[in-house]
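Engineer: Here's the feature list from Swiss-Prot:
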- Arg71: active site (ACT_SITE)
- Lys103: active site (ACT_SITE)
- His170: active site (ACT_SITE)
- Arg173: active site (ACT_SITE)
- His196: active site (ACT_SITE)
- Tyr205: active site, O-(3'-phospho-DNA)-tyrosine intermediate (ACT_SITE)
- 29-220: domain 'Tyr recombinase' (DOMAIN)
Amino acid sequence: MMIWDWNLSKPSESIKKHSGTWDKGIDYKQTYKMFKEDLQKLKNKELLYEDDYKRIAYLITFLFQLRNGCRIWEAIAGMINIAINIDNLNWNERITVKVRTQKRKDWEFRELIIPKCIKKEDIEMVRDVFLDIKKEIDEKLTMDEKLKAKKKIVKRFGAWLYKNYGINTHSLRYAYVTYLGEHGIPAQVLAKITKHKNINYIETYTQSRLAKEILKNIGDLDD
């Protein structure tokens, strides 16, 4: 399978630590259902404008990100790889795609799986949207230009999500982490799934979320 990314040479991006203000505490199941229903509504109507196809492409990408607990660029790169390999994939089985893990200095790839609700015909409908995104990167000549184009694309996706849903892309990643933590998945396994290098961070995050839920839901004797 052909693997594409903006940069497949040795990673050199610096790792930035997040302060935690990005985490909006969104619910995984509610968000998944919301994206899925909005996607279906779009598919059921007559698509007249280019923005309709872009909206479908964006919703597919965010469903993809949410389902895998990945970073937004990993989801975008994953969708591009699916688009360019669409006819070489076995759509009778669950589709997985490899992408380069972002924010890592080591040479690390991860597998992402397409949500069951996303079908081949959905990708075919918006394939050109993802190929155009790929072209935005490929037409740049230097690595600095490619990096700037990548950041611009990520910003565009993030702005669209915030404008339409009031949430940020990183919250989708941690909604999945929280969801798996609620199902008793150990921090070590969570780190492997989401490609977090810092297991202690995952432990602290999931324990903090659990502590908030316990404080909120356990102790009242008024009912």
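Heads up, the Cβ atoms here are built off N, Cα and C, so glycines get one too.
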Engineer: Work out how many Å separate His170 (active site) and Arg71 (active site) at their Cα atoms, rounded off.
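Structural biologist: About 7 Å separates the two Cα atoms.
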Engineer: Any idea what the Cα distance is from Arg173 (active site) over to Arg71 (active site), rounded to a whole Å?
Structural biologist: 6
Engineer: Near Arg71 (active site), how many other Cβ atoms are within 10 Å of its Cβ?
Structural biologist: 22
Engineer: Any idea which of the active-site residues His170, Arg173 has the thinnest Cβ neighbourhood at 10 Å?
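Structural biologist: Across His170, Arg173, these active-site residues, the one with fewest Cβ atoms within 10 Å is His170.
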Engineer: May I ask you to report the DSSP-based helix, strand or coil state of Arg71 (active site)?
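Structural biologist: Going by the DSSP assignment, Arg71 (active site) belongs to neither helix nor strand, so it counts as coil.
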Engineer: Reduced to three states, what secondary structure does DSSP give His170 (active site)?
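Structural biologist: It is helical.
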